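Written out below as structure tokens is the structure these notes cover.
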Amino acid sequence: MANNEDKLRDYLKRVTAELQQNTRRLREIEGRTHEPVAIVGMACRLPGGVASPEDLWQLVAGDGDAISEFPQDRGWDVEGLYDPDPDASGRTYCRSGGFLHDAGEFDADFFGISPREALAMDPQQRLSLTTAWEAIESAGIDPTALKGSGLGVFVGGWHTGYTSGQTTAVQSPELEGHLVSGAALGFLSGRIAYVLGTDGPALTVDTACSSSLVALHLAVQALRKGECDMALAGGVTVMPNADLFVQFSRQRGLAADGRSKAFATSADGFGPAEGAGVLLVERLSDARRNGHRILAVVRGSAVNQDGASNGLTAPHGPSQQRVIRRALADARLAPGDVDVVEAHGTGTRLGDPIEAQALIATYGQEKSSEQPLRLGALKSNIGHTQAAAGVAGVIKMVQAMRHGLLPKTLHVDEPSDQIDWSAGTVELLTEAVDWPEKQDGGLRRAAVSSFGISGTNAHVVLEEAPAVEDSPAVEPPAGGGVVPWPVSAKTPAALDAQIGQLAAYADGRTDVDPAVAARALVDSRTAMEHRAVAVGDSREALRDALRMPEGLVRGTSSDVGRVAFVFPGQGTQWAGMGAELLDSSPEFAASMAECETALSRYVDWSLEAVVRQEPGAPTLDRVDVVQPVTFAVMVSLAKVWQHHGITPQAVVGHSQGEIAAAYVAGALTLDDAARVVTLRSKSIAAHLAGKGGMISLALDEAAVLKRLSDFDGLSVAAVNGPTATVVSGDPTQIEELARTCEADGVRARIIPVDYASHSRQVEIIEKELAEVLAGLAPQAPHVPFFSTLEGTWITEPVLDGTYWYRNLRHRVGFAPAVETLAVDGFTHFIEVSAHPVLTMTLPETVTGLGTLRREQGGQERLVTSLAEAWANGLTIDWAPILPTATGHHPELPTYAFQTERFWLQSSAPTSAADDWRYRVEWKPLTASGQADLSGRWIVAVGSEPEAELLGALKAAGAEVDVLEAGADDDREALAARLTALTTGDGFTGVVSLLDDLVPQVAWVQALGDAGIKAPLWSVTQGAVSVGRLDTPADPDRAMLWGLGRVVALEHPERWAGLVDLPAQPDAAALAHLVTALSGATGEDQIAIRTTGLHARRLARAPLHGRRPTRDWQPHGTVLITGGTGALGSHAARWMAHHGAEHLLLVSRSGEQAPGATQLTAELTASGARVTIAACDVADPHAMRTLLDAIPAETPLTAVVHTAGAPGGDPLDVTGPEDIARILGAKTSGAEVLDDLLRGTPLDAFVLYSSNAGVWGSGSQGVYAAANAHLDALAARRRARGETATSVAWGLWAGDGMGRGADDAYWQRRGIRPMSPDRALDELAKALSHDETFVAVADVDWERFAPAFTVSRPSLLLDGVPEARQALAAPVGAPAPGDAAVAPTGQSSALAAITALPEPERRPALLTLVRTHAAAVLGHSSPDRVAPGRAFTELGFDSLTAVQLRNQLSTVVGNRLPATTVFDHPTPAALAAHLHEAYLAPAEPAPTDWEGRVRRALAELPLDRLRDAGVLDTVLRLTGIEPEPGSGGSDGGAADPGAEPEASIDDLDAEALIRMALGPRNT
């Protein structure tokens, strides 16, 4: 019975244990299934110039509206697309949206993608790559560290047709092979995984508008199931064409103004937008364990489908309610636990009420009136970013949690009356609401909705990051707080940008801990080729180092081979060396203590006492002190290097330095090394001191030996370099040698020692050293040891007492040692000493690095040396001087991508005339970080100084001198006042706030007269208009911009640019102004508006066959000012020919004008009635009288204002009278006409402007200003609702505008004259399309663009593809298509290189390889192809590798293997291979005649020998009897029917040479 009870008890125990185990497993499974997921990194690109999550927060917290007009750089027919009629086929009634105006920008080089492949890539792929990299960096993770990991990649997107409508472009052979991977949607995720080298799940999700939130849901599920441990989740949308606008216009789904008015009564549709957002997520438990900063937590998510509901694209309320409840269940939360919902909120009349009712039915039923559910919509700020909408909403809510504020929802006139708001407690965020942390210990929570037009719905529940556990205080770094801030980049330009970003970060983040930031920079940033390090012990010191080029350690990491430690001999010592490190470096102090113990057996003094210079301690003047101390310092510094991760692959010692090298190599124990250095130095002190000397000469060894022939007491002691030789011996002869060298101009330096190492004098201590060093126990080195005594590697235990005598007696071969090591692949030589003495003798082909320096023996110098090593490519372990990672890493700037524009050009057919049409457009700029100014600035003001503006300049760091320049101040008076200001330091910049042309001209002239060369900025208000929604430009102020464009050409050295402010600049606008003045944008024509910074661009204005908006024909009376001049008469003829009944031609001379009579007859013959009137068009009374006299039966219907006065003088000699004359007829006349005809119904009001006002023209400053006035006047009339068209003409053929000397000038520079008939056809088109402005010019961009920018680079022309291409063309490099074949079969390019001297061939061949590689990849310059960078990193794939092989095969005249590029993986390696194969000099010829024959034969193909009739003779010389009929007999004829000499003709030149000059057959 008892036995059964025991069995039952055991059974119950077992079952209970199993139940407990199963319960625990179920609990674990349940926990994993619902485990929260941490968001640890975020990145985005959104409308309004948003380039980061912080930018997004600034936008929404500031109630920013990011909606803008259509982009003008994508080939869209911006004007032709618009039609207010929603039924107009192929048109849209909406012409605004949320755009990424830099969507075409991409740093292809950074990602190792060739320009050609980048051009073929959907911009969505490029944005996804960029933001993915930034999201990882923002998490404090080095993206390259993820290679080989199971990172998941989940990206939402949809096909937007980047290549649609680009037929001609995509058929380009250059893009073949790239279009599939470039356009296919699956590559959105696949390319990210490929670039990062990850092998986890990679999925592209297309559920339309809900794509990115579905992607996040899938990422969460994958993490919970263990399919990956970390994941990227996000979405992207770019609209390369306007198809979406057209399609949704037919459905009447768009907001007319492009703005989503979410949940508002005024809602009228959604505003399409673009964007990209990426999150880096991992399981919460992993994030905590890995020490990653947690931004927020995904508590739960759900996805469902509408199914067969009210329509395929219609939203379905019940499905939305279900997905919300499922997400809450997944989060294990109740509706009342959520504070706010970031709604889908598109602003449609159908969708918003359905969504609101679903929210009210779920959340709204469990919220109180005191704590209602808040409802917001990011789309009201940026529009509907489609596949990126969900992730954008998540980023907004994460930022709201972090900042404790719920932003306002814009454009709500009142909450929608289509929603029953009383049915639940949901409150629309019509104003911002504080969102503080909860006092009851609860957590803030938000939910985000995203509903796809496809019917797929997603809902995600977010929670604020859990409270961070108190971490132990950050340990102060060893060494007194001196830390490195390393930064690196792929290119020098990117490095400079990185440095600038980090400097701005240090300046703006006063709370940053330098050591924590250093740890983050080391751990979370990829170490790239171009490197810099700031070293300092405080934020201020590091900031200052970043701001000053001389404060940084810089270098490159290319061609890193093996590392050798170099230990010098005497001469590195200085009093106090190493003392600071005893206190700041534990590793150094510990090693010195070991040395102290070892040395103490042989010396009666204390190592530490000597180093610290304690009273009574011996000095370094004694050889028996200095050598042991130097040894101890060197081996201790070696320990420090090794502690920081630098392990030598070899050691080299110079003289006594070989003792330290032997110890570090393991060839001597520390005790034996101490014995050698102490006892040998004692012997030197006892027997050699005072009897010798040493001298260093700047000569090679041979030259020194020649000089020593006259000195029997001297010998070469050491050969340190090609021109660095040391001599030792008799001190008297040393002095005599020094005198003779000085007399001969040879640099000589007597070394401060009184004994002669490496000379015959040493022989007297040979016996003593043999005795005292007997019993040494040398070992085989475990670190390779190269002996400068033997000139070879030491591999056996041979460093006995005899060796150390010989080391002291014989010559030191340091230079040959370095040469040998360099051949063996050693590239970096670290001189381990208290002061570098050998580094400067190293050849330029290797990198020499020091350790300490004289009087710089502390931690700062040590860290700087470590920084120099890292900057030059070595891997440094910074951990010993940095705090341990805590997970609280600072938000450092992410990589400063250096982008270029990649965008397929539209293939829409264009007429030849379209090539003449241009417009001005404004490109939104992405605002850079906080800028600052420095130095003295002069600010010219009118009567009332701009206090706020001046305050902004001062707050940015500028020292401001204000100078008032009134209308009555002439140039002389201004120059005198400027001269009086020029005392003390010079000026950094000049700002003109003048708003009138006359004082502005005087100001520019006075600056030159006063000799002030500081760059001048002209700051205006309302001088330009950046688009349809902007206020029209003020014509008078527009003249300042016309003038400025000419100053830029006439005085490029002292011109900075033009900046236009809004009428009422706020703090943000003034901050943008500072950014512009700092030069950070790189732009020189900038407009600042509430939407940000805009840069002026010239762009093509093709009509693309667009239908005219009206059928314009002249009729009635047409008034032509300047009507008897060349341009006016052309216009008159055209008007008469096309139906004008009455032509009223106005000029100053009237009928007395030359040719007036003939013109009248010609026009009359065309059927028009002609009136020629003498009248000053600038006289309003005279013009009023003239207009009143126009017959009622032919009313005035059109005006053509061609009148103007020539103005071709440089600005420096332009006086007030010239200004009045030029402006009189042109601008005053136009203003009079505008004023007198206001309200008169006209069909056309044409202003003849000029290209001078568009891009400037030298010596036409006032003329350009006048034309800018006309362009602005036309826009002002349009804004008033009256017709106006300004045409900025180029050069006309025949008599007319711009003739004479200027004609030839502009033709030479690429402005070709236009035929008047064709020019007038362009005028007719502009009128038929009712255009406000168009520039018409025939430009040869290959000539004009370089000429226009030769003295001053300008981005103005960047919007014209031909100009951009002309400016990007490499200059002075071999042409990539050079296939001209030289007589040898080589290309002419290689033949030219062959003709160069041998030392110049290698670099020339490398340039040729880089040039061809650049051409294959699509780069504009070989500079973009780094010599040492792998072809795979440069963007080569199998296709482009074969293309490069083909080009180089043509160059060398021989077919190269298909694997050539991959067999020689860098341009430098490939160039070296080609040099050896095709350019290496032949083996030295045994005789001169043989060399001449070889060269002659190498240059002559066999056909030439045969044709010359000498082939038989050459063959006979080789011992071969030619066959009959070979065609090579002297004077003989070939047999036409004979077989060709295949065996001979197939020989290459080298084979023929071997045949001719090889052994003779006997």
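Here the Cβ of each residue, glycine as well, is placed from N, Cα and C on the backbone.
Model, not experiment: these values are computed from the prediction.
The active site, acyl-thioester intermediate feature in Swiss-Prot is assigned to Cys209; the stated evidence is sequence analysis. Here Swiss-Prot flags His344, His384 as active site, for beta-ketoacyl synthase activity, drawing on sequence analysis. Here Swiss-Prot flags Ser655, Tyr1263 as active site, acyl-ester intermediate. Look at Swiss-Prot and you will find Thr1124, Gly1125, Ala1126, Leu1127, Ser1147, Arg1148, Ser1149, Gly1150, Asp1176, Val1177, Lys1226, Tyr1248, Ser1249 tagged as NADP(+) binding site. Residues or ranges marked as domain 'Carrier' by Swiss-Prot: 1403-1478. What Swiss-Prot lists as O-(pantetheine 4'-phosphoryl)serine is Ser1438, and the listing cites sequence analysis. The annotation region 'Module 5' is assigned in Swiss-Prot to 37-1475. If you look up Swiss-Prot, you'll see 1116-1293 marked as region 'Beta-ketoacyl reductase', on the strength of a curator's inference.
Of all the binding-site residues listed (Thr1124, Ser1147, Ser1149, Ser1249), Ser1249 sits in the most crowded Cβ setting, with the most other Cβ atoms within 10 Å.
Closest to Ser1147 (NADP(+) binding site) by Cα-Cα distance, out of the active-site residues Cys209, His344, His384, Ser655, is His384.
In the three-state DSSP scheme, Ser655 (active site, acyl-ester intermediate) is classed as coil. The most densely surrounded of the active-site residues Cys209, His344, Ser655, Tyr1263, judged by C-beta neighbours within 10 angstroms, is His344.
A separation of roughly 54 Å, to the nearest angstrom, links the Cα atoms of Tyr1263 (active site, acyl-ester intermediate) and His344 (active site, for beta-ketoacyl synthase activity). Between Asp1176 (NADP(+) binding site) and His344 (active site, for beta-ketoacyl synthase activity), the C-alpha separation comes to 63 Å. Its Cβ placed at the centre, Asp1176 (NADP(+) binding site) has 18 other Cβ atoms within 10 Å. For the NADP(+) site, whose binding residues are given in the record as Thr1124, Gly1125, Ala1126, Leu1127, Ser1147, Arg1148, Ser1149, Gly1150, Asp1176, Val1177, Lys1226, Tyr1248, Ser1249, the maximum C-alpha distance rounds to 22 Å. Taking the Cα of Ser1249 (NADP(+) binding site) as the reference point, the closest of the active-site residues Cys209, His344, His384, Ser655 is His384. Using CA atoms as reference points, the active-site residues Cys209, His344, His384, Ser655 were checked against Ala1126 (NADP(+) binding site), and the closest is His384. Looking only at the recorded positions Cys209, His344, Ser1149, the one with its C-alpha closest to Ser655 (active site, acyl-ester intermediate) is Cys209. Residue counts for the domain 'Carrier' (1403-1478) under DSSP, helix first, then strand, then coil, are 53 helix, 0 strand, 23 coil. Looking just at the region 'Beta-ketoacyl reductase' (1116-1293), the mean pLDDT is 93. Across the structure, His384 (active site, for beta-ketoacyl synthase activity) and His344 (active site, for beta-ketoacyl synthase activity) place their CA atoms 9 angstrom apart. Of all Cβ atoms in the shown protein chains, 31 besides its own fall within 10 Å of the Cβ of Lys1226 (NADP(+) binding site). Note on the recorded positions His384, Ala1126: the fewest other CB atoms within 10 A surround the CB of Ala1126. Across the structure, Cys209 (active site, acyl-thioester intermediate) and His344 (active site, for beta-ketoacyl synthase activity) place their CA atoms 9 angstrom apart. Ala1126 (NADP(+) binding site) falls within a helical segment according to DSSP. According to its DSSP assignment, Asp1176 (NADP(+) binding site) is coil.
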